[in-house]
Amino acid sequence: MDSYFKAAVSGLDKLLDDFEQNPDKQDYLPDAYAFNQCSVSSESASPQLALLSKDQRCISTCASSEACCEDANETFLEGKIHEGLTSRPNEKNVAGLDLLSSVDASTSDEIQPSCMRRCSKPVCDLISDMGNLVHATNSEEDIKQLLPDDPKSSADTLITLDSSSVSEALTVSSVDCGSNAVREEQNNINAGIKNRDISIKELGVKVDMALFDSCKYNRTENLKDKIISNELETVDFDMPSVLMEQSSEMSNTKDNPQYKRLPCELLKDDGCLAEEKVAVAVNNTECLEEGGGSNTIAMPCKLPENEGISPSDPASKDENFKLPDFPLQENRTSVFMKQTVKEDSRNLDLKDNNDIVHVSGDDVPPSLSCLSLSGSLCGSLIHNNEHSDILPPNESEGQNNDAVTIHEEIQKSDVLDGETDLSKKETCRSIFLQPVNEKKGEGKVEVEEMVISGESLESPEDASSAAAAGSPVALSAASVPEAPGPCEGLTFPSSDMDGQELDYFNIDESMRSGILISDAELDAFLKEQCLSNSNTMSAGENVNDSQLQMNQITMKGLHDENAGDIYFNAEAGAAGENGGVGNCETSDKENTENNGLSIGEKGAIPTERELSACQPDIRDELPVPSIKTQAVGGARPKQLLSLPPGTRSSKELNKPDVVDVPESEPCTANATAVSTCSADHIPDSQVSFNSNYIDIESNFEDGSSFVTANKDSLPENKRKESLVLGQKQPTWVPDSEAPNCMNCQVKFTFTKRRHHCRACGKVFCGVCCNRKCKLQYLEKEARVCVICYETINKAQAFERMMSPGGSCLKSNHSNECATDQPLQETQTSSTPSPTTLPISALKQPNVEGPCSKEQKRVWFADGILPNGEVADTTKLSSGSKRCSDDFSPVLPDVPTMINKVDRTHSPTVEKPNNGLGDIIRSEISQSPTCHTAPVERLPGNTGTEGLPMPGPFTLEDDVFVDSEEPSTPTVVPANSGLPVASISDYRLLCSVAKCVCNNISLLPDDDIGLPPLLATSGEDGSVPVVQERPSHEQIILLLEGEGFPPATFVLNANLLVNVKLVLYSSEKYWYFSTNGLHGLGQAEIIVLLQCLPNEDTVPKDIFRLFITIYKDALKGKYIENLDNLTFTESFLNSKDHGGFLFITPTFQNLDGLPVPRSPFLCGILIQKLEIPWAKVFPMRLMLRLGAEYKAYPAPLTSVRGRKPLFGEIGHTIMNLLVDLRNYQYTLHNIDQLLIHMEMGKSCIKIPRKKYSDVMKVIHSSNEHVISIGASFSTEADSHLVCVQSDGVYQTQANSATGQPRKVTGASFVVFNGALKTSSGFLAKSSIVEDGLMVQITPETMEGLRLALREQKDFRIQCGKVDAVDLREYVDICWVDSEERKNKGVISSVDGMSVEGFPSEKIKLETDFETEEKTVKCTEVFYFLKDQDISILSSSYQFAKEIAVACSAALCPHLRTLKSNRMNKIGLRVSIDTDMVEFQAGCEGQLLPQHYLNDLDSALIPVIHGGTSNSSLPLEIELAFFILENLSE
């Protein structure tokens, strides 16, 4: 076995010598994939090693062997770290013997990691760790200079390969968690730099060393008391600017030849260099109590098993690094495995380094640093989700996803050797390096400045936290000739970034609540967009729960001449780039366990920071493009990066919290990003995105460059990108090539039909293609997708703004198209985009189809018939359908976030998750061309409803995870900080459920105790507080104080009562109003109860009344207008109080009263003797009360202790019409039937739609008498009133205005057919009590019955036969009366008034409920096209079926909906012969798209099944309420 390693070492020596002697001959070398990896995964060991070149496979094998062979030998280094050491791997590809397979020929190599199948130590680490830390320089003398002065340490820490001295640069930064200062220790061995005397506690660092010459892999040596020169720099985050500069002048000047030539330097044809410097993140895995902190020290030979990497840019301002001219692929994943820490030994066990460097070039094998990502990517910080194949699942939960962020997490978990005594958990946050200004010139890119911000978090018990930030430098901004560019990068002080962190790492849930990211940071990532003319390499592969994914970054073809000023403002959340010809596509995804990042064809991925911290909520499987990549020479990919077509599984895990940036945050020139997309280079394959992968096809044409976009370039690019849409007919994508929506990926089914966008020609679903826009080539409006619609509108709006004449911009046809929008902050956005509101999931009518067939009665909006044929849509009409756009409100209360992407629509919605305040973001894109655009979040506040309440969102019906305990910075918890818009707002109940128990009555059993008090100031942002058992004195002080809002009592979790002392009609009254009865289908109740003199206690019996009403409503017994509720016991300390009569206020004065939302009723206290009239003829009692208290038609006040207005039943006509004893029968009352009496004539107006009620009266009445009760007429100016005096019933009139009466209303009419012809009268009409009596002959009665049956008008002449001039007339008229129900009621869907539309209660056989909550459908509104059309029984049955289906669809989401203040939901369904659609909303705002998707699946079968049984057109709206389950 030793011979193999010796042979490998010998071969490596020759390669290094040859490289040094012939550095210029590498221009013709073939492509190579240079990996450096120590695999501990059960699947990735052999495949990944196969990708390595021969020398690096030897490195990996040696590292694994060393880890297996050594068990007890440890090397301790006390003192300071060597920094500045450089090492270089051999960049040549060596084809030859696979050393790993030769050393161990067992068949389990493919599935067993090398260190696991041998022993717990690596076989050899003399070379493997060298690949981790590559510092590319251009000076051969630097090798010798960088060697440590101390020969012993040099011999033990560095591996000398003959004359080729390979050293490693190791940068370790220590974060002082107490002061949030980052102490960066950098070791420069050679230079005579002055050292700072900083004492550091001794740390035992286990260093596995290998004797190179003898290849004995068990050599260890203790290095003690080695004082090595180093530098320590501290970053103070409180300073306005934090520029970390190396004090090492030798690495910052051009004069020093230290970085002139190293073997890993890449010399290209033009002599340019690709240089990178590496920093290694070292986990602080040890806590030392001494000194309050400790520093973790790592030797170059082995790297700790860390969760992330900390790359940095070159340490010299003049050190030039540039991207090669040829297409360059860089795929790297640095994974530092977690390590086992034994606190008692204070030893840092440095496990194998799992750093994978993937280098590929078409012409020359480039030399790439493992970690210097920002340099190689023009300063763009790469989002690199570090998930290693080689770790068990429990060791990768908190891995760092950002290339410049160090996230340490040491927790108790099983590690490779079974040790489980990890106890500390630390997080070093946001050590953030980024080039802010880069200069271009002579084909070289110089980094001028770097900004670093950091923050350290640690547990209180942690002693220290150490993190490595690789050579974080702030290069001096020396005056350097600047090449002209569109825009120069700006220098942003790190104080702008205090307290922020990159979110590309996974954090334990215990730490997650402290992680806050700026609201603007999602938009701030650098977005570039490009077209690819070659294959895209899809990096990473999915593994199951026993494996974790190896992430790689593939990069192709970045021209160094074009590598230019890309900068990033972390606070303002701005990213800039030049739209120009260069295109770059970037799609940001996040995942905590499986995540990869792939850039194809000259793409650049900037640092991505989520302003909304969106977490993917997407389908489990997504199609993967089949893209193959050839590797020439050396190690071959073995299909690791080029996966076959198939599906990938994605998991949904939590991401960090976010916060919003201040409203005053300035937007700099880089606050906008523009990208152009050339449609000429669209490949056939589509790019698939999911939470694990970002496969980006990009292409830089000649002259393209990465430059920042200035303010002037954005509008011009915007116009050019959008003008192409609609100017000529697009290429029509065949239906056969689009099984899924090309935007949201929804699969097309029988009900989810295809829709072609007339602007881009792609195929979308009805949700993504529901807009209409006028296109030039059609010269008329046509269906377009939401993306094209947005693009065209934005361009036109901008042109109108920029053009003095306001004319639309016109230009020549171009193949460019984009929809990138300027960044708009949440606080400053005022006008939503047309695409920001979710639209109905069903189809829209009047859309031109691709071809035509014969006309059918039912057809889908895209012209497809149910039998699969295509309908001629031009011959069909949509009737009187209202477009769903008409219902779109201006300001959504539940905002959605739309990521406007050209041709691909990536809606995102904030969603609370798992009580940690995570905001879920879903993005699924599939299109040959993809753009990235800033996310625009819309404001959600309407009126005083302060906060935007996010709603869960997803793109698939079957993919959604409800959050159970939402708590986010943007979502106020249910019982804290909830803005109170009004005491009558039904959403106020959302804050109560968690504060009280689930009893149906919270009234204390004693006579004094009051229910809990919900205290709130009533102002926006006030915090409701529930107080148990408030005192009466406290309530009186609260109610009598001026300016105080009503006191709100909690009767149960579903019912509130507002109490206030008011002056009404110059008297003092207790005012009670309920809030919550709407949820049961019951109108809210108000009571104005007379306040007795010196009364200082709240009348508790009113609370009992409301509890009784609530319980009756639960049973389906509702109180409506002129209904009553009676008592059998004493009420309000009086046995004379018999109950309440409830009326609907009409002409009464309600000024100054905090009335609830409509509908509501007013309860009037009645006496026991008045109960019979309240039961059999309540209108008489109501009018009598009005006459008594001089109110018209009735008072709203309840007077205690008054005398009854009616006594014992005397001789009244009602004895003939109603049963005043047993209440067995009563007067038939027809709603909206009015009786108007004027001088000389009377008119009985019967609504035509009440014909069925009239027929019931005729059939139930006897042969000679027809009696009908009337309704109160608001058209009359007075009304007849019956007054009982001394047992005699007399007639009075009560006037509304006090003016002379013209039209007087009556309460009933009686037709008596017993008048004899011999009486000499044609007919007699007279006023009896408060009604009209008409006596007619039997012949006239028959004529009246016939006229009523035939719905014809009928006139009765009254008077004597011979007195023609004195006759009066009684006219029976059928009228088209206007519906006056639902006054003041508005729709929950869009805020539209439903006044005048009929409605009825819905009683479902069963309620849909969970363990805690219930969804209840209470009412259905009928939007009749013709007011005379009566409601058919089939319509009601259809409404019930819809209610059942909707309740079932909403049931799984009840908790989330109510947590987001959506406890009242409206569903509107519209059906016509050629169209079906529905809309769902809450408080006038449409629901998030996810619920529409769920409703789509549930409602479509019911809707299509009901179309054949219902009369069309039909439009109904159902009201749903979410209630708490209460117990008796």
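Cβ coordinates come from backbone N, Cα and C, glycine included.
These figures come from a predicted structure and were not determined experimentally.
Residues or ranges marked as phosphoserine in Swiss-Prot: SER120, SER803, SER833, SER884, SER927. Taken from Swiss-Prot, the feature region 'Disordered' applies to 629-664, 819-849, 928-949. For 649-658, the entry in Swiss-Prot reads compositional bias 'Basic and acidic residues'. Here Swiss-Prot flags 735-793 as zinc finger. Annotation comment: Swiss-Prot describes CYS741, CYS744, CYS765, CYS768 as Zn(2+) 1 binding site, evidence class sequence analysis. The Zn(2+) 2 binding site annotation in Swiss-Prot covers CYS757, CYS760, CYS785, CYS788 and rests on sequence analysis. Here Swiss-Prot flags 821-838 as compositional bias 'Low complexity'.
According to DSSP, the secondary structure content of the zinc finger (735-793) in residues is 11 helix, 16 strand, 32 coil. With CYS741 (Zn(2+) 1 binding site) as the anchor, the candidate binding-site residues are CYS757, CYS760, CYS788, and the one with the nearest CA is CYS757. Applying an 8 A CB threshold to same-chain residues 6+ apart, the list for CYS765 (Zn(2+) 1 binding site) reads CYS741, ASN743, CYS744, VAL746, PHE748, LYS752, ARG753, ARG754, HIS755. CYS757 (Zn(2+) 2 binding site) and CYS768 (Zn(2+) 1 binding site) have their C-alpha atoms 9 Å apart, to the nearest angstrom. Here CYS768 (Zn(2+) 1 binding site) is positioned 6 angstrom away from CYS785 (Zn(2+) 2 binding site), judged by their C-alpha atoms. Sparsest Cβ environment among the binding-site residues CYS741, CYS788 (other Cβ atoms counted within 10 Å): CYS741.
Here the C-alpha separation of CYS768 (Zn(2+) 1 binding site) and CYS788 (Zn(2+) 2 binding site) works out to 10 Å.
Neighbour counts of Cβ atoms within 10 Å were compared for the binding-site residues CYS760, CYS785, and the top value is held by CYS785. There are 28 other CB atoms within 10 A of the CB of CYS757 (Zn(2+) 2 binding site), with all protein chains counted. In this model, the zinc finger (735-793) carries an average pLDDT of 87. Least crowded of the binding-site residues (CYS744, CYS768), judged by neighbouring Cβ atoms within 10 Å of its own Cβ: CYS744.
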